[in-house]
């Protein structure tokens with residue numbers, strides 16, 4: 001397919017996925033969107049932990065997996081004060097500064113409720129307080145009700161996500177939860193691309209929408225064990241390297257428009273990495289390399305360490321403003337990841353040795 005063709009053709013699916021709430025441990029809404037789309041062309045299933053699976057290829061053949069996690073960072077209600085203010089804990093890694101003044105969608109038992117995150121106004125801060133960064137314990141959610149009604153509507157344990165819809169800015173997509181709905185979109189669209197190509201597959205190909213990556217790659221531990229793959233690729237996001245504060249000497253060169261970022265390091269299979277680079281070369285798909293000296297801090301780590309070990313690689317989509325209400329990716333890079341995954345799958349041969 002031509003550059004961005006899949007992204008543009010299936011933008012409605014991508015935006016539906018981005019709109020769906022899915023904090024770690026409460027991914028059901030996002031998983032349902034993904035699973036419904038997958039059912040239009042693949043065999044679908046799920047497990048008790050919230051992972052969802054889409055499979056094509058000959059049943060009983062060795063499996064390869066394409067993983068992208070569905071969960072996003074969010075909040076969970078921990079306390080409601082006598083004034084009706086809702087205090088919360090982070091689900092995943094937040095910078096508290098980006099939360100101040102945000103609208104929050106609380107996934108309450110009786111239906112969603114939108115509130116706002118408040119803090120002391122600058123007028124009532126001391127000079128010392130004005131100089132300090134906000135802390136989570138100094139923020140609260142206000143839903144405009146008194147304490148009794150708030151406690152009835154929003155019990156402790158209620159999850160929340162930022163109320164921020166997706167939009168296009170030129171060729172770039174802006175939304176919360178691009179980490180990693182973009183990756184879960186990519187693995188399913190690659191599967192669709194392979195299916196529609198009519199390629200004769202020698203493996204079962206399983207796309208997985210994993211749960212709970214943001215709090216410890218727990219979903220990937222389970223899905224890797226369940227699928228028993230002979231090889232796999234995990235897709236996530238990485239830091240776009242022209243933004244302020246992201247040093248290329250640490251993160252490599254992954255600017256917008258440079259394509260997929262392929263991680264090289266101890267946790268990645270050199271054989272799978274070579275397969276991906278060869279596929280990119282044959283198809284003219286742009287990519288960059290990003291080095292790590294230890295873990296990748298993605299689902300790829302859980303995949304690599306599953307059972308007796310799974311030869312695996314990590315492809316990443318350059319992302320600006322990660323873990324904020326307005327992350328940004330480039331549609332060209334997303335398309336490159338989709339195309340590279342599809343090319344890798346279509347080029348796999350039986351009996352490949354993955355020995356390091």
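Placed from the backbone N, Cα and C atoms, the Cβ positions cover glycine too.
Zn(2+) 2 binds 179, 323 as TrEMBL records it, and from the list 137, 148, 214, 350 the residue named for this site is 214. Zn(2+) 1 is bound by 69, 179 in TrEMBL, and the record lists one more residue there from 16, 236, 278, which is 236.
Listed in sequence order, the residues 72, 73, 92, 93, 177, 180, 322 complete the 8 Å Cβ shell around the Zn(2+) 2 site centroid, once 179, 214, 323 themselves are left out. Counting every protein chain shown, 26 other Cβ atoms lie within 10 Å of the Cβ of residue 179 (Zn(2+) 1 binding site). The shortest Cα-Cα distance between residue 323 (Zn(2+) 2 binding site) and any of the recorded positions 69, 179, 213, 236 is the one to 179. Listed in sequence order, the residues 68, 180, 182, 183, 184, 213, 214, 235, 237, 298, 299 complete the 8 Å Cβ shell around the Zn(2+) 1 site centroid, once 69, 179, 236 themselves are left out.
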